[in-house]
Amino acid sequence: NYLLLDTILQTFEDNKMLPFYDPTSTPQPFPMPFLPMPGEPMPIPMPIPMLMPMGNWDAYKRPEQWDPDHPSRNSEPAPSRQCLKRFTDDLRRLCRQPQPLAEVFPDEECAVRAELLLRGGDGTPYAGGFFHFSVRAPPDYPQRPPYVAFRTASHGDRVRFHPNFYERGCVCMSILNTWGECTWDSSYRLENIIHDMQFRLDDQPLKHEPAPMRECEQSNQHYNDQIAYETLRIAVCQQLEQRSLPPALHLSAARYFVDNFDAYLGRCHKLKKRLDGLPIRNVYNPGKETFEDTFEFAAVAKRLEKLLPKARADIEAADAAEN
C-alpha cells in the first residue's frame, strides 16, 4: 500500500496535479486518506474525489479551441495588422532558413494560414514518414498561440501516432495551450512550435506520455513497433496513394520518396523478418485488443513498389508544367 501510494503521488507530482493533501494550501482540496500502521486493520474505505489537474487538460474534446478549420473561425474578427505582419514574418523566416526535416507552405488564399510537412528522422519509428499539420494564426496573434491540427491521423485510418498527437487531430502541447498550463509567450514564433513538435518525434515517443505506461519497457517496444508499421502504412503509402496532402506537400513527399526508395524498402524488409504475422498490441487499450490486426510488412513492401512509378510520374508532370 505504501509503495502504491508513493507511485501515485510521484505520478501526480510529475504531471503538476493537485496533491491529496497540502498543509500550506488554504483551503485544503480534500483530506489525506488514512492509512493504518503496519499490523493494524484497514479502515472502511472512504470515497475520495477524483483528482483534477490544473490547467487545460481536455482540449482534445473541444476542436473549436485548436482546429484551424473549425466553423467558429468564420465568426472571428479580421486579423489585426500585428497578426498579419508577425505571421507573414514567421513564414518568411522559415522559407529563408528551412528547418531540418521540416517544410512550410504558406496558403495562397489565406494570409494567416499555412501547411507544415514534418518528416520523421532516422533512428526513430517515424523514419521517413510524412506528417502533415495545418496552422492558422488567431486574430490577436502573437498574443495567443496559433491553431494547429495534426492531419495525418485523420486521413482514413485513425492512429494515435504520438501521446501528444491525437487521432482526431488535436496537438496537445502546453505551448499551444492545449495541454496543462499554457507556456506560450508572445515572443515565440512558428519555428518554436515546429522545434517542439520535432522534439517529440524521437526514438522513445511513449516517454512523453504522462501515464505510468511510459516506464514499462515492454509497452515502449510495442508502441515503437506499432508506430514504425503505421508510419510506413499510413504516413507514407496512404498519404501518397490517396493524395491526401495538399499538392505542394504531395510533390515534396513524392520527391523524397523517390530519392530514398531503397531505404524505405530496406526498412520494411528488416521489420518484416521480426514482426510479420505478430499481433499489433495497442498500448492505449490494454486488454481490449481482438488481435485480429497483425503486422503485414510484406503487404506494405508491395504497396511501396507500386508507388514508385506513380511518384515518378507525378514529379515528371510537375516538372513539365513548370517548363
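Placement of Cβ uses the backbone N, Cα and C atoms for every residue, glycine included.
Because TrEMBL annotations are produced automatically, they should be read as predictions rather than curated entries.
Copied from TrEMBL, the annotated features are:
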type	residues	note
COMPBIAS	62-73	compositional bias 'Basic and acidic residues'
DOMAIN	82-242	domain 'UBC core'
REGION	62-81	region 'Disordered'
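Only residues 6 or more beyond the boundaries of the region 'Disordered' (62-81), in the same chain, are considered here, and those with a CB under 8 A from a CB of the stretch are 56, 87, 111-113, 134-141, 146-149, 168-171, 176-178. Helix, strand and coil residue tallies for the compositional bias 'Basic and acidic residues' (62-73), in that order: 6 helix, 0 strand, 6 coil [DSSP].
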